[in-house]
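These notes concern the structure reproduced below.
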Amino acid sequence: MVLNLHFPTNLHQTLGISCRLSVASPLNHRYNVGDLIPLFVNKVGPLSNPSETYQYYELPFCRPDPLVQKKATLGEALNGDRLTGALHVMRFREDKHLVTLCEKKLNGAEVSLFRDAIRNDFYFQMYCDDLPVWGFVGKVDEQSWILDKQGPKYYLFTHIQFDASFNRNQIVEVNAFSDPNHVIDITDDVELDVRFTYSIFWNETSAEYGNRMNKYSWASLLPISQKIHWFSFLNSVAIIILLMGLLTLLFMRRLKNDLRKSSGGDGEDEREVVWKYLHGDVFRCPPNLPLFSAVLGVGTQLLIMLCSLFLLSSLRILYPYNRGTLFTSIILIYSLTSVVSGYTSASFYCQFNENGWEKSVILSGILYLGPSLVIVSILNIVAISNGTTAALPFGTIRVLFMIYTFISLPLLAFGGIIGYRLRSEFQAPCATKRIVRDIPPLAWFRKLPCQMFISGLLSFSAVVLELHHLYASMWGFKIFTLPSTLFITFIILIILTAILSVGLTYIQLSVEDHQWWWRSVFSGGSTAIFMFGYCIYFYARLNMNGFLQLCFFVGYNACICYAFFLMLGVVSFRVALIFVRRIYDAVKSE
């Protein structure tokens, strides 16, 4: 039985000082004939539940004595990888045929354990020269159920065939095949004598070593996938063109007329420009200034972090399937960009008030990280109670705590101090009145919930197809989405958010509602609410099951959508602020 999957999982990397060294070594992935190839077993788990993974030797496979577990990096630990030494012996360019791994007697409990794994479609994962290989534990014969009506037969694969390709002194590709001709019936709970074997065959290839990772993204290049991506892209472009056309025809023409009337000196025309009379309130300090400043700080930080990840992907430092490196990059970039969060929140707060900026900086430190920490702690408790590899080891928790304490917090405070030292007064085009102008009663379709629904739905509809591919990559077992496609989709989302922010802010000012600060944030971030709703719909359509998988799916998606809420909210506010400044700069206010 051939397993040909493209899992979006971590590729463990043990890079040497230089990959161009002439000396053969596993550190630079160069070998001489007969050199031992590093081979590790990693984990097993049900195909339908990507978060439910267990250590390889929790199933009664042949195991070395003693077990030697490789020291995991931060990213590997966060990804749930637990690399352990294997009994399989692989030497460079040395073929092996039906080598006995071990002979063991399986008791009834072990047979039942294997049968439950086969019933749940368990796969196993190994790493050979830092290349992931997968195979199934066994197979279910449904035909026997039809023939004898006694239920399906369960067969355990006892033989693995490794096909390795090399180019000169480097390994380019490794595949694992679970041979259906070497099976044993484990339908009944009886003791069985099992002989586990493996074979290794080497083949020379002209493929370059530098391109050996490309095969894990081939699923993105299938014709059907290309058509879907193009359809998604064209759909997004069409929505942008329609919105820009609508904005140009209705909004810009109306705005130009307003500006013409305001500058014409005709009193009757000026009375039609309703938003002109808000000049004394439109730049009033937003309510709950420390929290608003913190939202701007964290949203800007997350936006820079996401752009940095796209940059690393374009430089081929990050791969879509390399989850361990991705997690490490997220942790480090988030910590290093804490200085941006502190600076942005403190500098914005000090534009209105020189005292109390420390509160905004403190809120920046806990606004996103606080809820995320609560969610991750709950998920970690669930993982520990289920005995999965998703549970974070104590050493990993300690490393994360040290990174936050000695890197993130000092940079956050440093950024806040710099923002305070370089503070400047908020420069408003119009003077703010001391008495707050009353806001007239608004119709239901002009209130915040309706604006959030319109803004969120339009932006979400433009990226929903690509969002489906992203969820399929995150929670499925194929790479449907390339970083370049994701980046284009993200740019489209930013443009849509900006366009809608300008339009909705103008509509709000036109009905004499001058409290646009917070409303622009919620309107822009509302797309994340639709994203979270779609992830629930996506989960309902999959074959995922179990409390653990449900918790991880909802928990991690909640953290992702919350981050998008903050990022898009900041984009919406910044664009709305530029727009409001421009129109009141152009008005001859009294």
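Note: Cβ is positioned from N, Cα and C throughout, glycine not excepted.
The annotation transmembrane segment is assigned in TrEMBL to 230-252, 291-312, 324-349, 361-385, 397-422, 443-465, 485-509, 521-540, 552-580.
Of the candidate ranges 291-312, 397-422, 521-540, 291-312 has the most C-beta pairs within less than 8 angstroms of the transmembrane segment (361-385). Through the fold, the transmembrane segment (291-312) approaches residues 318, 326, 329-330, 333-334, 337-338, 340-346, 348-349, 357, 360-361, 363-364, 367-368, 483, 486-487, 490, 517-518, 521, 563, 566-567, 569-571, 573 of its own chain, all at least 6 residues removed from its boundaries and within a Cβ separation under 8 Å.
When Cβ-Cβ distances under 8 Å to the transmembrane segment (397-422) are tallied for each of 324-349, 443-465, 485-509, 521-540, the top count falls to 324-349. The stretch from 324-349, 443-465, 485-509, 552-580 that makes the most Cβ contacts under 8 Å with the transmembrane segment (521-540) is 552-580.
It is 485-509 that, among the stretches 324-349, 485-509, 552-580, forms the most Cβ pairs under 8 Å with the transmembrane segment (443-465). If one looks beyond the transmembrane segment (552-580) by at least 6 residues along the same chain, the residues whose Cβ comes under 8 Å of a Cβ in the stretch are 51, 282-283, 295-296, 298-300, 302-303, 306, 367-368, 371-372, 375-376, 378-379, 382-383, 390, 455, 459, 475, 493-494, 497-498, 500-502, 505-506, 509, 516-517, 520-529, 531-532, 535-536, 539, 544.
For the transmembrane segment (324-349), the list of distant contacts is 10-13, 73-76, 78-79, 81, 289-290, 292-294, 296-298, 300-302, 304-305, 308-309, 312, 317-318, 356-357, 360-361, 363-365, 400, 403-404, 407-409, 411-420, 422-424: same-chain residues at least six beyond its ends, Cβ to Cβ under 8 Å.
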